[in-house]
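Encoded as structure tokens, here's the structure I'll be asking about.
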Amino acid sequence: MQKNGGVRNRHKGEKQNGVVSEVDEKKDEEFMIRESPLTELIDSSLHIRAIYHIFVVILVVLFCDTVIYDLVERGKINIGVTVVAAGFGEIRRGIKLWLYQMAVALMLYPLLRIYALFGSVARKYPVLRSTVVVMGVAGLVAVEVTLAAVPVYELGRKHLALGSSASVTCEMFRLMMKLVAVSTACGPRCLNGTPLPTFKHYVYFLFAPTLLYRDQYPRTKTIRWGKVVFHFLEVAAIVFYCCFLWERFIMPYWSDYGKEKTVEAGTLVRGMFACVLPGVISFLCGFYCVLHAWLNAWAEMLTFGDRLFYEHWWITSRFSIYYRRWNRVVYSWLRDHIYLPIAPHTGRSLATFIVFFVSSIAHEVILSLSFGFFYPVLLVEFGMLGVVMVPLTASSGRRFPNAFNLIMWLSFFIGNGILWSLYPMEYFARKNCPPSENDSFFIPKSWTCPEVILKPDWTFQNPLTMSNQSDR
């Protein structure tokens, strides 16, 4: 009953017509036993379960479409395995980089023990306290640099496959944020003599689906292994789902980009519009795969009780609320470790801008190391246009929630269509265009190869004229 009450309280303000009365959220620092919103919705609503089944059927239809296409065109069945294998190539090298990152993360615990010894000396000689604090900060910076330097160097030296490099880079940022969280929580303990957590709890925190450190988390009593297997099967299915979308809807438009010296602007526009629907489907699949299926699988294995990894962001009409609800795991870390510490000194507006800037830079680093080139499309969409939309929808989103929810979804469609067009264009331009002296990691090659030409010879036929001609 307590869990259901928590769900009712979380959705307080919802109405039957789907309009939500959005109020400023109170800071929720405490963890509690609760399920993810989609888990509650799928279990309690036949309508949401039907939508889930629709996506499953779409996956099955895409699977059949791929099988038929491969048999007719190539005479063999591929079912997207080639794209998956290419996307996660050199998996051994990726695992080695992950093991290195995990080893550096584990190294922080004995360093905290050593820092606690220096803290005991500082308690006897208070004049040394500031020096010990500086040593602790420098030590944390050194560990963070050590953790990030090798993966960044290795990925920059020799590009890893897209999926493998994205996994390594995301894991790098995840561990770096966890080290900041545990150091912030345990650093003062080393100075005042409070006992540090056990190594077992430290390892648990490294794998737990949260970026906020606590000495205790709400735990479930049992592990439902059937649920774990189901969520991991969902992750695998979504990976193949996205590969189907890439192979059937993205590559036909952009895989030959750069092989010809010129390309018509109309062809680019048509390709961009064709990528809108697969782009937004991939956006939704990525959200479900990472923030629901993947995190819930690990939460179930680790008996981690708080599954509120996101909230009902899809019904909001204000971008500020969307950014809070879309990914509560990262949002909570940004709030506690960047926004709240600097807001009293810089003000709320500048602190918010800094949070957006840091987050957009992190996203851009992940994409740059994953693709093997720097192309700040997401930086512009998220770090610039996203920031502008926050004040624009602050008051208007309250007054016209339905209209601005529609506008928000329209921006998702257009934004993802642009992302799923410009990044493949740059990726294949670097593969297909001949090398030149001006090639650079930071300069987009698709801007100069191929040459975009405009042929304004489009004509519009009068439908009445067409009808008269057909009658004759």
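The backbone N, Cα and C atoms fix where each Cβ goes, and this holds for glycine too.
Note that this is a predicted model, so its numbers are computed, not measured.
Annotated region 'Disordered' per TrEMBL: 1-22, in sequence order. Annotated transmembrane segment per TrEMBL: 50-72, 97-118, 130-153, 228-251, 271-295, 373-394, 406-423, in sequence order. The feature active site is assigned by TrEMBL to HIS363.
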Is the transmembrane segment (130-153) in contact with the transmembrane segment (97-118), using at least 3 Cβ pairs under 8 Å (sequence separation of 6 or more) as the test?
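Output yes: the transmembrane segment (97-118) sits against the transmembrane segment (130-153).
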Looking at 50-72, 130-153, 271-295, 373-394, 406-423, which one has the highest count of Cβ pairs under 8 angstroms to the transmembrane segment (228-251)?
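Between the stretches 50-72, 130-153, 271-295, 373-394, 406-423, 271-295 has the largest tally.
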Grab the same-chain neighbours of the transmembrane segment (373-394) for me: Cβ-Cβ under 8 Å, and only residues 6 or more beyond its ends, written as numbers and ranges.
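For the transmembrane segment (373-394), the nonlocal Cβ contacts are 317-320, 323, 352-353, 356-357, 359-361, 363-364, 367, 404, 407-408, 411, 415, 418-419, 422-423, 426-427, 430, 441-442, 444-445.
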Please report the number of other Cβ atoms within 10 Å of the Cβ of HIS363 (active site).
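Within a 10 Å radius of the Cβ of HIS363 (active site) lie 17 other Cβ atoms.
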